[in-house]
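Novice: First the structure, which I've put down as C-alpha cells, then a few questions once you've had a look.
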C-alpha cells in the first residue's frame, strides 16, 4: 500500500525483455535507505518487487499484464520515474489509498497556467470515467492528486510548483502518456452494490430519484 506522496525521482537504467515480461533496472538513492530485497516500490505508480539491490538502485520484474496496462510498454532507458516505498504502519498518511495497481494509461491533452499553478487536463479511458468525481482522488504516475474539474472522460488537475519540482510531471507535456489508478474505494463500492442489486444502470438511478 502506498499514499501517492513521491519520495524521489529516479531513472530507468535499462529494460530487458524476459519471456512475456521484462526486467526493469532503476537508478535511485533516497529510497534505498532501509530497503530490503523483496520490498515493494511504486515506480510511476506501478507496484514492483525489488528482487535485486545495489548501491546505485534496484531491479524488478514486470509481468505482461503490467507492461500492457502501463507506460512501461513504451518506456526507454534514461526516462525519469516517480518512486515511493510502501507505507510504514507508523508513517504519515499524506495522500490517499494507492495500491500500485495501474488501471490504464491516460494522455495529457491540455495545459494552462494560473500564476505558479498548472491546470493539467488528462483524457482517460471512458470505462474509468464513472469512478471519478470532482474533488475526488486519483493517482497519476503514482502521485496522489485531486480532480479539480471533470467533463466526460477528461479530468483537470491542479499541479502546484512543489509537485512540478519534485515529480516527473514537471517534465511532461501535451501528448505525454501517464499511468492512471482510480480510487480503489469506488471499485469496492460498485462491486458490493452489484452483488446486492445487480449492475448499476441509468434505469435504477432514475428509480431512486437521480
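Cβ from N, Cα, C; glycine included.
Below, the features straight out of TrEMBL:
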DOMAIN    1-96  domain 'Lumazine-binding'
DOMAIN    97-193  domain 'Lumazine-binding'
REPEAT    1-96  repeat 'Lumazine-binding'
REPEAT    97-193  repeat 'Lumazine-binding'
Novice: Taking every residue in the domain 'Lumazine-binding' (1-96), what is their average pLDDT?
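Specialist: Taking every residue in the domain 'Lumazine-binding' (1-96) and averaging pLDDT yields 94.
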Novice: Looking only at the repeat 'Lumazine-binding' (1-96), how are its residues distributed among DSSP helix, strand and coil?
Specialist: 13 helix, 42 strand, 41 coil
